[in-house]
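Copied from TrEMBL, the annotated features are:
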TRANSMEM  A:12-36  transmembrane segment
TRANSMEM  A:56-77  transmembrane segment
TRANSMEM  A:89-105  transmembrane segment
TRANSMEM  A:111-131  transmembrane segment
TRANSMEM  A:143-163  transmembrane segment
TRANSMEM  A:204-223  transmembrane segment
TRANSMEM  A:251-272  transmembrane segment
TRANSMEM  A:278-295  transmembrane segment
TRANSMEM  A:302-319  transmembrane segment
TRANSMEM  A:331-350  transmembrane segment
């Protein structure tokens, strides 16, 4: 006896929209509390994120980062794995990107460095995901626990490398030397300028296009390849997968390598694209936010892009807000937290009532058919 | 009717909808006090919904209920229990690591100290055990008890809560025939003490053996109320399905040819060190259907898993279609399939299908690496759709929609999809586990015909089933397993329910002992 059905768009589109709206309403209360008119605040955020070219560039720059980390979480999720370690995998992946830029970047132009950095970042990120994956598949060590621990190990390892090895003698800051300028990824505004279109400068670089390509790749891989089929089989019903002869160890490891690889690409955007040096904590929590992005995006590349855009907007709009009103920059974290709370932790809170209302309004005809 | 017009429970025009699904249509039901009442019907006929309404899980959209003549509108199971209704679910609701006593008391504790409630409970339970002849060791862990006793714990739980109406959902599904007889003796005793019992089942033989009255449900409606003494199996089956059903399978004499499956001292020790399969040996010939009978959990699942490559043997070997598989030379399920083996798994929800997948996705499970389903690096979705569509047409899987999620098919149609997938690859050896579990009578008929047809087409068929009727009507030769070992082998003509039942409990009748010539297996 199945329960009454509501159309897919209600759960896929309406429910997340209502969740975000509620998060914004609660944020509005917060703004009122700190004496900011919520309508003004949203206006500042909106124009800050979408209203002018530079702001929009920043929004998309952040979006790019969220796409990588969100995709990483989403891919793992299809095999039933909760990869909490994207933060660490992105961090270590960045090391791979950085090493290539610091070495090969001295001699080669960006279009040579870029593919090598992609491979290195991917390999480093994947390697960091491999050990938890193997432990999960072979020993049953829970991947949530091991990936969390690997985040800490990654942070310590990077701190050590930055302080003792990568930091030039001449500086006190925990960061590597600046990459040779020739290895920097072209910015989108530079690209547009080549076609005679003048756009205000922003950190948005060509890795945005690479991120979108990754989305297409993930879509093809998960839904149109037999390996993706095996991944989804294991995620949906591990014993049926074993009945079918799908190798659990192999698929778990492949999935996590792929997830770690996508996480490792994060450094392309941030390091080769914008910072041009390895800095302490350059991931800045994007790996963790990737979990929320994947959750909101329902682990589908299209959803991940949309959710990344939302978080990019919050990041950029929130920054403008703190600048305009002089509130702490952490206001962004509060907004993010509320969005995650309502669309992640309380994702299904409104589901029963929305379904009930929908059925009351539109469910009549269906009853007649029965 | 023992006491005229005195009903333990009475339902008047109970109606329940789930959106577009009309699960119960104006159900009337009268269960006279102190009787055993059977409710039968196919899957999806609305039996479970009706019982859930009586037990307070669902509220009906309309209609009235009366318990002992008093209006009864439960909002939850606590209120149902308070009204004297007890339920024994098909899947027991017991905590394995608690003792029987603790399980019975669970949820009905009183006061601050557990000891006090346990002490009081022990006294009350001794009285109940005396009254009803229910013998259960109160201080043993439930996990250590055989299923038959676990079921009695469930019954004790209900009686401890002063149930005057006991509902049992598919109570004999996991029992041997002897255990089932024991259960019926208990129910008989309960009836004589004035307790009313409702049994929900699909086993016609049992419902005829024990009940006073039978109600038949079909497609959400109560289609008949009959006195048990006035009816028979054929009539009940026809009422359930809505058309004449042939319960007997027509089959010709088997024509066994060469050995396609030969098992040689095959053994399996699981990861906790328990020997689940004890050096068994047998063979299946082409054109022969060998049945493995046994109470579930006696190693038959492991045997199927070993032969299909899901588990790796820890000792011994077997030959499949000329290929040897042993401890040193294991094969995974995809390799086994490539050797010409089809495997219809015991549990289609756990193994055979993926509920979230569309029918066409589930249709390629296990065969998804075949070249015909792939085009280069990507899957050939067009080919998958086409092949699945043809198969669903041929096997009459309804609804005929390759995009429908497998969870949304009925049990019989899910099973048809699995059988179609395995048989369409035209294997030489067919491993079949519980082919008709949770399948409607109409579909059972069809599935049995197809299994016999594949035997006649020269396949070696190994059938594992806990349904004795199924084994008896299909198999040419029957192996009986007990505790991981084959304890006996019967030709179809030697087998009957009683002999098999005894052998399933490892009691080998003398005349069978003599006829087992090929040596001992235990």
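Heads up, residue numbers simply count up from 1 along the chain you see.
Keep in mind that glycine also has a Cβ here, set from the backbone N, Cα and C atoms.
Keep in mind that TrEMBL annotations are predicted by a computer and have not been checked by a curator.
Taking pairs at least six residues apart, the transmembrane segment (A:204-223) and the transmembrane segment (A:12-36) share fewer than three Cβ pairs below 8 Å and do not count as touching. Cβ atoms under 8 Å from those of the transmembrane segment (A:143-163) belong to residues 81-85, 87-89, 91-92, 95, 128-129, 131-133, 135-136, 174-176, 256, 278-281, 287 of the same chain, restricted to positions at least 6 beyond its ends.
Distant neighbours of the transmembrane segment (A:251-272): 61, 64-65, 68-69, 71-73, 75-76, 78-79, 81, 83, 85-86, 89-90, 92-98, 101, 110, 113-114, 117-118, 121-130, 132-134, 136-137, 143, 179, 183-185, 205, 207-208, 210-211, 214, 218, 221, 227, 230-231, 234, 241, 278, 282-283, 286-287, 290; these residues of the same chain sit at least 6 beyond its ends, with a Cβ under 8 Å from one of its Cβ atoms. Counting Cβ pairs closer than 8 Å and at least 6 residues apart in sequence, the transmembrane segment (A:111-131) and the transmembrane segment (A:89-105) reach three or more and so form a contact. Below 8 A, the CB atoms of the transmembrane segment (A:302-319) and the transmembrane segment (A:56-77) form 3+ pairs separated by six or more positions in the chain. Counted as Cβ pairs under 8 Å, contacts with the transmembrane segment (A:56-77) are highest for A:278-295 among A:12-36, A:89-105, A:278-295, A:331-350. If one looks beyond the transmembrane segment (A:331-350) by at least 6 residues along the same chain, the residues whose Cβ comes under 8 Å of a Cβ in the stretch are 15-16, 18-20, 22-24, 26-27, 30, 289, 291-292, 295-296, 310-311, 314-315, 318-319, 321-322. Sequence-remote contacts of a segment are chain residues at least 6 beyond its ends whose Cβ falls under 8 Å from one of its Cβ atoms, and for the transmembrane segment (A:12-36) they are 42, 296, 298, 310, 325, 327, 334-335, 338-339, 341-343, 346-348, 350-351, 354.
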